[in-house]
Amino acid sequence: MSQEKYIMAIDQGTTSSRAIIFNKKGEKVSSSQKEFTQIFPQAGWVEHNANEIWNSVQSVIAGAFIESGVKPNQIEAIGITNQRETTVVWDKKTGLPIYNAIVWQSRQTAPLAEQLKSQGYVEKFHEKTGLIIDAYFSATKVRWILDHVEGAQERAEKGELLFGTIDTWLVWKLTDGAAHVTDYSNAARTMLYNIKELKWDDEILEILNIPKAILPEVRSNSEIYGKTAPFHFYGGEVPISGMAGDQQAALFGQLAFEPGMVKNTYGTGSFIIMNTGEEMQLSENNLLTTIGYGINGKVYYALEGSIFIAGSAIQWLRDGLRMVENSPESEKYARDSHNNDEVYVVPAFTGLGAPYWNQNARGSVFGLTRGTSKEDFIKATLQSIAYQVRDIIDTMQVDTQTTIQVLKVDGGAAMNNFLMQFQADILGIDIARAKNLETTALGAAFLAGLSVGYWKDLDELKLLNETGELFEPSMNESRKEQLYKGWKKAVKATQVFAEVDD
């Protein structure tokens, strides 16, 4: 009797690494998770030890095997999904990083980004990469490492160093240095990749003086990149055959295969991505243009809007204000509020993301009266998440001149039924919550399984992650628009308050 086969997804996130084993039905068989150290050398800087990340991945692979009893030779293929933009530069010979990984959140390269803007490169970079010039993306992080580690530039030019985002680093380690590759979705977040011509952009590399020799080869999101070295996978030689940045993996895991389909992951922040099909569309309203995924010889583009504070607003109610003991409790309090929704919380704790991009804005509250209760405040905080999502959905509809019919949702805060119902009401469209909320890891597993024939095609995948629950709008049009108008007023006032005094 032949043994059952499985797919393993490695989900390397910002605070922890996870390994999840999925079966043919797309169900989770086992998972293992390990946190690692956040390094803050200075205010606003965030770094990780890339070796510690690698150790944590080795540990969770073992944990997933131990928990399930599945053997390494029962894994048909491995899919990798990762925190995007985070940058590692390492020695080709020893495999040791020459500096800590600089994390996507880190602002240590902001002066470099400002310098590029002042030199007039904004439009050029936007047209080529689809991105706005920002310290968020990998380009300035690579430049910073080459500038600040003695002899690094010279060694990079000699071909002694390699660069990669976390996907590249993990494949290189798992294959024991046999494969130095990345995928379309991760390459598109480096600010070095021309997403129209699908190649590293020579002009941008020249502007930043980054040697081409250090860059990985860019491949599709679903193909065999290499096999695990047996001593790194507990004796198994298993193909690594699917890869995508976390938000793009969630798009794929949500089965958003058709142009116009949109998903939102309600995590710490909120990431809304729309599949725009094979045509690249540049946003005129401060959304990012990126690559969703590339499979079967075709590349599918996407528009992305990022909200900095979503689930973390609920954490703030819990840890900062001590208004709730745990996150799910926020739903009960919100339902107990009986005010007329006239309180607005604008959670701009780290500035406002898309479509405002105002880094000076700070959190504010409007509409308080003597009668305002804790319940009202908690409800207004949950509603602020939904209002921010509407800001982006409205912008996407303007950019693409389409009408979005349904929003597919996942992530921790998507479990909050009050928030999901209010989201449906304020958007006036259906909200489809995935049955399996592990959409990021599932997306990586789907990409890996497709390329080795574990799943036949996209049609087979469509049967595996149905909608768990549908939330339909129940608010009348005039009420909906009146509430949203109040939100826009609150955001405007927040921005006025943030203006720098002369």
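All positions are counted from 1 along the displayed chain.
A Cβ is built for glycine as well, from the same backbone N, Cα and C atoms used for every other residue.
For the ATP site, Swiss-Prot lists THR14, THR15, SER16, GLY311, GLN315, GLY412; matching the candidates THR265, THR268, THR369 against that entry yields THR268. Of the residues proposed, TYR136, TYR193, TYR293, TYR300, the one Swiss-Prot records at the same glycerol site as ARG84, GLU85, ASP246, GLN247 is TYR136. TYR136 (sn-glycerol 3-phosphate binding site) falls outside any helix or strand according to DSSP and counts as coil. Ranking the binding-site residues GLY311, GLY412 by how many Cβ atoms sit within 10 Å of each one's Cβ puts GLY311 at the top. Closest in space to ARG18 (ADP binding site), of the recorded positions given as ARG84, HIS232, ASP246, GLN247, GLN315, is ASP246, taking the CA atom of each residue. Over all protein chains present, the Cβ of HIS232 (phosphohistidine) has 16 other Cβ atoms lying within 10 Å. Each of GLY13, GLY267, SER312 belongs to the same chain as THR14, THR15, SER16, THR268, GLY311, GLN315, GLY412, is absent from that list, and has a C-beta within 8 angstroms of the C-beta centroid marking the ATP site.
For the binding-site residues shown (GLN247, GLN315), fewest C-beta neighbours within 10 angstroms: GLN315. Within 10 Å of the Cβ of THR268 (ADP binding site) there are 19 other Cβ atoms, across all protein chains. Within 8 Å of the centroid defined by the CB atoms of ARG84, GLU85, TYR136, ASP246, GLN247, the record's glycerol site, lie the Cβ atoms of GLN83, THR86, TRP104, ARG189, GLY245, excluding the listed residues themselves.
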